[in-house]
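What follows is a single structure, written as C-alpha cells, with notes after it.
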Amino acid sequence: MGKKQSEAEILSSNSSNTSPATFKLVGFNNFVRANPKSDHFAVKRFHHIEFWCGDATNTSRRFSWGLGMPLVAKSDLSTGNSVHASYLVRSANLSFVFTAPYSPSTTTSSGSAAIPSFSASGFHSFAAKHGLAVRAIALEVADVAAAFEASVARGARPASAPVELDDQAWLAEVELYGDVVLRFVSFGREEGLFLPGFEAVEGTASFPDLDYGIRRLDHAVGNVTELGPVVEYIKGFTGFHEFAEFTAEDVGTLESGLNSVVLANNEEMVLLPLNEPVYGTKRKSQIQTYLEHNEGAGVQHLALVSEDIFRTLREMRKRSCLGGFEFMPSPPPTYYKNLKNRVGDVLSDEQIKECEDLGILVDRDDQGTLLQIFTKPVGDRPTLFIEIIQRVGCMLKDDAGQMYQKGGCGGFGKGNFSELFKSIEEYEKTLEAKQITGSAAA
C-alpha cells in the first residue's frame with residue numbers, strides 16, 4: 001500500500017495541482033484520437049456501480065428481474081449491519097449495489113456498515129435532490145492509498161479517505177461530478193464474493209438461473225452543466241485521456257442537441273462520457289431537462305455489454321410489462337430500409353429484420369460496429385436510464401495469445417444520436433402534453 005498520510009492530512013490537502021490548459025471542443029471531424037498512456041494511478045476495471053434508493057429490497061429485485069442479474073450478496077440487519085441495507089446483483093463482470101438507510105435511531109454501531117463512507121444524513125439529502133440515482137462509480141485499482149493520494153495531490157476533492165475494510169481490502173472516494181463519487185477499491189488477495197461485510201444470498205431467493213447475456217459495464221455517462229471545467233477536473237486528477245468528442249453540429253437535431261466528450265483510462269476499458277446541454281435550440285436540450293429534474297449533475301445512463309443483444313432484448317422485452325424495463329420508441333421503418341447502405345454487410349438481412357423487430361439501433365465507425373438500444377427512465381424522474389449494447393469487431397491478441405475486444409469498438413453511436421434525440425423528444429412531448437392538460441384543467 002505504500003506510505004500513508006493521516007486522514008486529516010489527506011482530507012485537508014487539495015492543492016498542489018496546476019491549472020490545466022483551457023478546454024476547447026474541436027468536433028468529431030477534427031478530433032484526432034491518441035492514447036498517451038497518461039493515467040496517474042493503475043486502473044484495472046469498473047468494479048461496481050452503487051445506487052442510492054429508498055427501498056433497496058424491491059429496487060434490487062426489479063433490476064435483477066429486468067436485466068437478468070441474480071441477487072448474489074447482501075449486507076443488512078441479518079448480517080449485523082444496522083446502518084444500511086445493501087444488495088448486490090451481478091451478471092458476469094457487471095455488479096450493481098442498491099443501498100438504503102435504516103433509521104439512525106435504531107443504529108447500534110456505525111462500525112457495522114459494510115460501506116464505511118455511507119452517511120444516513122448524506123443519503124437523505126441525496127435522495128431528496130435526485131430520487132433513484134447512481135451514488136458511486138467504483139474502479140478497482142492496484143492500490144487505493146496511492147490512487148487517492150495521487151488524485152487529491154492533483155486537485156481531486158476528497159470524499160472519503162482510504163479505509164481498510166479488512167487486512168486485504170481497501171476503499172476510498174473522491175468527488176466526480178454533482179453528488180456522484182468515484183470510488184477506489186483494491187484487494188491484497190484474490191477478491192472473494194464482494195466487499196467484506198457482504199454475505200452470500202443462497203437458494204431460490206437469489207433468482208440463481210437469471211441470465212439474459214449481459215456481461216459488463218461498457219461506459220457510465222454523466223450530464224453536467226458545463227463540460228470544460230468537469231473534463232479538466234477529471235483529466236487533471238486521473239490522467240485519463242480524451243477518447244472521442246461530439247458537438248451539437250455533429251449529433252444534434254433541428255430541435256435540440258448536446259456537446260459530449262468521452263474520457264478513457266490507459267487500457268480504454270474504463271470509459272466516462274460527459275454531456276453538456278446546448279442552448280438557443282427550438283426545444284430545451286434533454287440534457288437540460290435531466291439537470292432540472294436531477295437538481296444538478298449526475299449519471300445519465302449506464303451502457304451494459306451483451307454477448308448476444310438479440311437474446312438479451314427478447315428476454316428484457318418479455319418482462320417490460322411484468323416489472324422490468326420499458327424501451328424508448330423504435331425508429332421508423334425507413335431507418336431499417338436504409339441500414340444496409342449505412343453499415344454494409346456486417347449484418348445479414350435476417351439480423352437487420354431482428355433489429356427492426358426489437359427496435360435496435362446500429363452504427364459503425366472505421367473499426368467496428370455498434371448495436372444499441374435505450375430504456376425509458378428507470379425511476380419516477382426523467383433522468384437515469386439504461387443502454388444495452390453489443391460491439392462487433394476490433395478483436396486483438398494479448399501477450400498471452402488470448403483474443404480480446406478493443407475498448408469502444410464501433411464508437412458511441414454518432415450516427416444514431418439524432419434518432420435517439422427524436423425518440424427522447426417524442427417521449428418528453430408526451431409528458432409535456434399531460435402537464436399542459438393538467439394545468440388547463442386546474
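Note: Cβ is positioned from N, Cα and C throughout, glycine not excepted.
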Of the candidates H130, H219, H241, the one that Swiss-Prot places in the Fe cation site of H301, E387: H219
Whole-number mean of pLDDT values that fall within the domain 'VOC 2' (216-376): 93
Environment of H219, H301, E387, the listed Fe cation site - residues of the same chain whose CB lies within 8 A of the CB centroid: D218, A220, V221, P273, Q300, L302, A303, L304, F374, I386, I389
Cβ neighbour count (within 10 Å, all chains shown) around H219 (Fe cation binding site): 24
